[in-house]
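Here's the structure we're looking at; comments come further down.
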Amino acid sequence: MDLNQISETLSAVAEEEPLTMFLLDKLYAIREKIKQVPFSIVRLCHVYCMLIKYNASNNNCILGRKLIEEMQQFLCGARVDGSEDVSMDMSELCKLYDYCPLLCSALCRAPCVFVNKLFKIVERETRGQSENPLWHALRRYTVTATKLYDIYTTRNFLEHKGQQFFGEAVIYGAKHERVIRHLVAIFYVKREVKETLGLLLDPSSGVFGASLDACFGISFNEDGFLMVKEKALIFEIKFRYKYLRDKEDHFVSELLKNPTEKSFSDFILSHPVPAIEFRERGKIPSSREYLMTYDFQYRPQRKLRTCPTPAILTPHIKQLLCLNETQTSTVIVFDCKSHLSEQKLSVFQKAVFTVNVFVNPKHRYFFQSLLQQYVMTQFYINDHSNPEYIESTEVPSVHIVTALFRRRTEEERSLHLVIDETEYIEEEIPLALIVTPVAPNPEFTCRVITDICNLWENNICKQTSLQVWAQSAVNQYLAACVRKPKTP
């Protein structure tokens with residue numbers, strides 16, 4: 001069975017018993033107790049049941065084996081050594097499908113370490129992201145980073161299923177994500193390229209989820225489970241297709257010939273809608289572009305566009321701007337050297353400089369970054385031996401990487417692109433990266449998380465009459481992220 005068939009079958013299973021139907025069918029009998037059960041527990045049970053139903057009819061392709069084994073053993077009270085091969089008897093597992101109320105109640109009494117382990121199994125089982133059918137299935141009932149902005153600003157939960165674009169820009173972005181990740185690792189972070197993570201479901205609420213494009217400052221234990229270290233770095237990658245041009249383009253050639261901020265700003269302004277929005281200090285930006293600046297050398301000739309700020313964001317936008325306007329971006333300009341005898345193009349760093357460019361907090365990508373940082377911080381807190389002693393400088397930080405490429409020349413078409421001995425065959429040529437740190441306001445992040453949890457609970461109640469508890473961990477997040485006063 002190929003990936004498309006697996007995805008279609010798993011999607012059919014998910015549609016056959018959506019989350020609301022699962023709540024009514026399996027948990028309505030314990031409706032008085034369900035409001036005392038954190039939704040994170042309910043979510044694990046729903047994932048378990050979905051996997052059981054899929055695997056029962058597809059013995060030739062078992063999904064989520066480790067998660068099923070752990071929950072099966074827990075429910076049965078069995079203790080099996082991790083190295084032992086546990087038999088997957090689907091007929092027996094299907095019987096456990098009817099024990100969801102018991103499983104929910106039992107997991108509520110389970111040690112936090114065990115529950116956190118289950119969420120780490122979910123992450124491990126969904127690695128590969130878009131190439132993993134389970135990743136797609138679990139995102140269905142999750143407030144992901146791409147949905148956060150719309151849900152928060154419109155107060156409408158059910159209508160937002162996330163943006164889905166399938167144009168050439170998205171295809172190019174997906175095609176170049178691996179090479180961009182490699183460039184960040186070699187030329188910015190200067191660390192080894194790490195495996196991409198799967199879906200990070202928020203272990204406190206079970207409502208939120210994040211999928212990271214790149215992450216550093218992590219490790220994996222002997223079971224392959226994620227371990228988040230202090231000062232982990234998160235990178236959200238954005239491929240700017242609208243700047244993909246030929247090498248002979250005037251602004252491309254000028255940037256390569258004399259890589260300075262002047263040639264860089266000229267390149268940015270050469271597009272009718274510049275990727276960096278200029279505003280005078282004190283003015284509120286539009287929400288069109290996710291990067292902005294107060295620097296006049298990025299001021300376009302045409303009239304600046306304005307748009308209203310969503311009402312719920314209006315009281316906070318100036319404070320969020322003040323936090324982020326102090327950040328600077330790093331620009332790395334690349335060129336390549338051809339080795340015709342070896343049929344290779346080796347990429348090298350031609351220049352690096354900083355620019356007064358920062359993230360626009362009115363843009364949806366800012367909110368995307370907030371959720372990624374929040375969820376990753378939950379994993380860091382759970383991994384920490386003394387969470388109460390976490391300093392604000394130790395929690396994960398997030399950067400947005402803007403990738404600019406140029407097209408290959410005719411002579412370069414047959415050459416392999418080489419970055420640190422790794423070869424890329426079809427990708428275009430890197431021109432520049434803009435690496436921009438995001439400065440979140442922990443109090444604002446907590447407000448967003450709390451508001452959406454309440455909104456989510458109300459929507460579930462309207463659909464099922466069940467009072468489901470979407471527990472958040474905003475207090476422990478705030479304690480970790482806010483600078484602690486120095487003791488005398």
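Glycine is no exception: its Cβ is also placed from the backbone N, Cα and C atoms.
According to DSSP, Glu177 (site 'Required for function') is assigned to a helical segment. Long-range neighbours of Glu177 (site 'Required for function') (same chain, six or more residues apart, CB within less than 8 Å of its CB): Asp213, Ile237, Phe239. If you look up Swiss-Prot, you'll see Glu177 (among others) marked as site 'Required for function'.
All protein chains shown were included, and the count of other CB atoms within 10 Å of the CB of Asp213 (site 'Required for function') stands at 20. Feature annotation from Swiss-Prot assigns site 'Required for function' to Asp213 (among others).
Annotation source Swiss-Prot lists site 'Required for function' at Glu236 (among others). Residue density at Glu236 (site 'Required for function'): 21 other Cβ atoms are found within 10 A of its Cβ, drawing on all protein chains shown.
Less than 8 angstroms from the CB of Lys238 (site 'Required for function') sit Gly173, Tyr290, Tyr365, Ile400, Val401, Thr402, Ala403, each of them six or more residues away in the same chain. Taken from Swiss-Prot, the feature site 'Required for function' applies to Lys238 (among others), supported by sequence analysis.
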According to DSSP, which of helix, strand or coil covers Asp213 (site 'Required for function')? coil
